[in-house]
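Participant: Residues annotated as compositional bias 'Polar residues' in TrEMBL: 11-22. As annotated by TrEMBL, domain 'HMA' applies to 60-126, 140-206, 214-280. Sequence annotations record features per position, and here TrEMBL assigns region 'Disordered' to 1-25. Per TrEMBL, the feature transmembrane segment maps to 306-328, 348-367, 379-401, 407-426, 562-587, 607-628, 938-960, 966-987.
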Amino acid sequence: MAPSRRDIQLTRITGHSLGSSDAENEEMEGVRLLDSYDDDEENAHFLSKIEGGSGDSVLKKIQVGITGMTCAACSNAVEGALMSVNGVFKASVALLQNRADVVFDPNLIKEEDIKEAIEDAGFEAEILADPVTAGTKTTLVGQFTIGGMTCAACVNSVEGILKDLPGVKRAVVALATSLGEVEYDPNLINKDDIITAIEDAGFEGSLVQSNQQDKLLLRVDGVLNELDAQVLEGILTRLNGVRQFRVESLSGELDVVFDPEVVNSRTLVDDIEGEGYGKFKLRVMSPYERLTSKDTGEASKMFRRFICSLSLAIPLFCIQVICPYIAALNNVLVWRCGPFMMSDWFKWGLVSIIQFVIGKRFYVAAWRALRNGSTNMDVLVALGTSASYFYSVGALLYGAVTGFWSPTYFDASAMLITFVLLGKYLESLAKGKTSDAMKKLVQLTPATAVLLIEGKGEKFVGEREIDALLIQPGDSLKVVPGGKIPADGVVVWGSSYVNESMVTGESVPVSKEVGSPVIGGTINTHGALHVKATKVGSDAVLSQIISLVETAQMSKAPIQQFADYVASIFVPVVVTLSLITLVGWSIAGAVGGYPEEWIPENGTHFVFSLMFSISVVVIACPCALGLATPTAVMVATGVGATNGVLIKGGDALEKAHKLKYIIFDKTGTLTQGKATVTTAKVFSEMDRGELLTLVASAEASSEHPLAKAIVDYASQFHSTDESAEDGKESQNSGWLLDTSDFSALPGKGIQCLVNNKMILVGNRKLMSENSITIPDHVDKFVGELEEGARTGVIIAYSGELVGVMGIADPLKREAPMVVELLRRMGVRSIMVTGDNWRTARAVAKEVGIEDVRAEVMPAGKAEVVRSLQKDGSTVGMVGDGINDSPALAAADVGMAIGAGTDVAIEAADYVLMRNNLEDVIIAIDLSRKTLTRIRMNYVFAMAYNVVSIPIAAGVFFPLLRVQLPPWAAGACMALSSVSVVCSSLLLRRYKKPSLNTIMANE
């Protein structure tokens, strides 16, 4: 049986995928978010070509790193250049990853030919490592569960050990999720080495998922014994494309590593079931399913330990407290058996089981922590319980030898371990609830899908139910009314309304017809639909939302650094205080510093001091400090996702609460981004139709929203009844003129040649630079347009001004209210736009913004951000376009509108999925409430230790005559962590603010 790796790729762990950068395509608005570009029809065509392949030709796949791509147009250009090379069978370009996968015939072309083709297209190219031998990436990212961490010191210890491993590029560990994310070079280290390092550090480790795509974990029904397992192994051995596998007959899990170039996941499952003649039934296991089961298992394990400890602690309590008052039982307990009474034997035996069997985990974890040069809560628990236990054993032995019987404290050790286990069980339950939002996102995707089987003539001849995790791009899927859409795709038949609120936060169902995009996990509310899958697995919108939330939850907020520092010195400080307490009370007793009646009956000064010392050790709790930030961040990111606000990390979450300025782009951010031409006036002898033909021909090559508005307006003017509904068809109807030497001039307009004559379309600056005179009456007309909040577009042809067009972009309904809310929240709004001053001022006046910066180039927007940051102010930027990405990256907090371009989304810290400016308020308000909650958690955690340690040390004993027993100190310690987690869980009750609530809080 071949060895295997338990790696599975169903959702991407880090990074974000990009999609079409056409911000003006309204129909793609719902699926544009974080999509990666891929031409699915072409993909399916070439895949079938490769798999069917010729027997004589051996195809080769390489990966090429590409530098210089900024949008989907760039990736299209690269893909087109590659496909034009003779011998290339398939080319898939990923914009975000700056990478292309190319399948080609090495007998026809060489790798250098592919590189040259990309460079000839205007981009830089580099041949990457062979994906077959080095994996699909030069480094892999694995997500590991790490069991046994109790505080920030554990996190620091594990992170340090992982980072020191050869081949590990990056390691991030999150206490709240008990997860670690490790980026590593598979040529230098594998996942088993990483798991071994985690276990050697004293923790439990296992792989949840990695970003390799040729691994599959299956649940197999039908493996009843070893013979069945051997039959399954025989089937796998015969299948083409299977590299490695492992069958676990006890758990019914099958781990398969396969070559995706030879066989896809669904074919693999079908082949296994078919070869087994129906004996085996396979189901793909999601990594989140494993993670959830592990979380549940951890809580169950802790509960069993608590029950076992409690079942032994109760008899111990009865022997100590109740039995002395029951004559028959007391007579048995005081009966002397050897050197000790029966009660001593019973207590010693019961506590020994609790101490060394049930409490073994504390000793193991403490030893491993100390061996790695770190300390944690387990060290304190092991130290405190051992002191109580071994003192009691020593007191018994001393009494047997000398006849002087000192009181024993077996009950303190037993009750302490019992209460700590109870606290850990409650803490695991509470921590599990912090990831409820993530679990709800995962559960949105249906378990199964109905696959339509195509026959001849592209007609459907049947249907079958398949695992939703086995859907392939290009599959035709049937979605019944009330059913969930299983994958991102496009409607190819039917019409309905789809509820997308669970993904976008928009409550109103969206109409879907043929050609409309749909998002996996959303609900079809009315009619039946046939959907062609386009994005599945890690490329799907829902998967990438989950990926963003995961990444945010894995990140550390800067405020966490305080807890990390305290955790690094906490245990040594507590142990020192404990020793000071022991020595201080002992010396005070020796010199008569307190009366003898304070000492318990048959007690000594040392025993009296020891109980204070043990209480100090066990009451101190570093866990509460360590959980204060990560639990709040986890809940907040989940709450943000359910409200349509994706937060990319704890750093972004923390910074947003202190925003002083927030900069808004105009077009597509404050406005709807749906520009329409309101006026077209001719200032020459040509007629209106000729002017529209000229300007539309020039603008047809531009991606600017104003260009689309001009082309649509001209199209409607020229269109026939047959093409009136489709602007793209009308562009091919023959009325557009051929152009050449097209050039887009950011912040000015465009220029090109039409009929070998130069046409300029843009603003005054463009005309001035080309020595085009603007007559007074034309300038007055343009000014009137601009004062009416419309953009004036000037057209010059063959050196003369020929016309002006007025374009309006309506404000978003919520824009004025959002600006007012921000003002009341103490955040100053600024509008920065490349538009002219008159239009900018008119729009700003309408929306309520006083500070306006107009005629700003894309690079100038970033300069505006930096100028505001000079005095130390925190600056936010809200934008949607490629020209906003420099400012989004420069801002302390960048917020990208979800319907915007991919480059903007990649550069931002927040993604506002609903394309609604009210989410800006949610982002800031959620940040403020989260930081308030984190501070409250820190105050509680610090106050708990500051107050409880002096009480445990007996500082107030001379006044109150109250000594906190060790078991009570342990109970306080256990409940402190639970209290902090429950405090963070209160963020789940978050409600987005309204104008009334903000006014009430002023």
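Each residue, glycine too, has its Cβ placed from N, Cα and C.
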Participant: What stretch in 348-367, 379-401, 562-587 has the biggest tally of Cβ pairs under 8 Å against the transmembrane segment (966-987)?
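Facilitator: Between the stretches 348-367, 379-401, 562-587, 379-401 has the largest tally.
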Participant: Per the 3+ Cβ pairs under 8 Å rule, pairs at least 6 apart in sequence, do the transmembrane segment (938-960) and the transmembrane segment (379-401) touch?
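Facilitator: Counting Cβ pairs under 8 Å (6 or more apart in sequence), the transmembrane segment (938-960) does not reach the transmembrane segment (379-401), since there are fewer than 3.
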Participant: Residues of the same chain, at least six outside the transmembrane segment (562-587), with any C-beta under 8 angstroms of its C-beta?
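Facilitator: Same-chain residues near the transmembrane segment (562-587) but 6 or more away: 151-153, 155-156, 375-377, 379-380, 383, 593, 605-606, 608-610, 612-614, 616-617, 620, 622, 625-626, 628-629, 938, 949, 953-954.
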Participant: Restricting to the same chain and to residues at least six past its boundaries, which positions have a Cβ under 8 Å from a Cβ of the transmembrane segment (407-426)?
Facilitator: 150, 299, 302-303, 305-306, 309-310, 312-313, 316-317, 320, 344, 347-348, 350-351, 354-355, 358-359, 362, 381, 384-385, 388-389, 391-392, 395-396, 600-603, 607, 611, 614, 618, 965-967, 969-971, 973-975, 977-978
Participant: Kindly report the helix/strand/coil residue split of the domain 'HMA' (140-206) according to DSSP, in that order.
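Facilitator: Here the numbers are 22 helix, 24 strand, 21 coil.
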Participant: Going by DSSP, how much of the domain 'HMA' (214-280) is helix, how much is strand and how much is coil, in residues?
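Facilitator: Helix (H, G, I), strand (E, B), coil: 24 helix, 20 strand, 23 coil.
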Participant: Average the pLDDT scores across the domain 'HMA' (214-280) and report the rounded value.
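Facilitator: PLDDT averaged over the stretch: 79.
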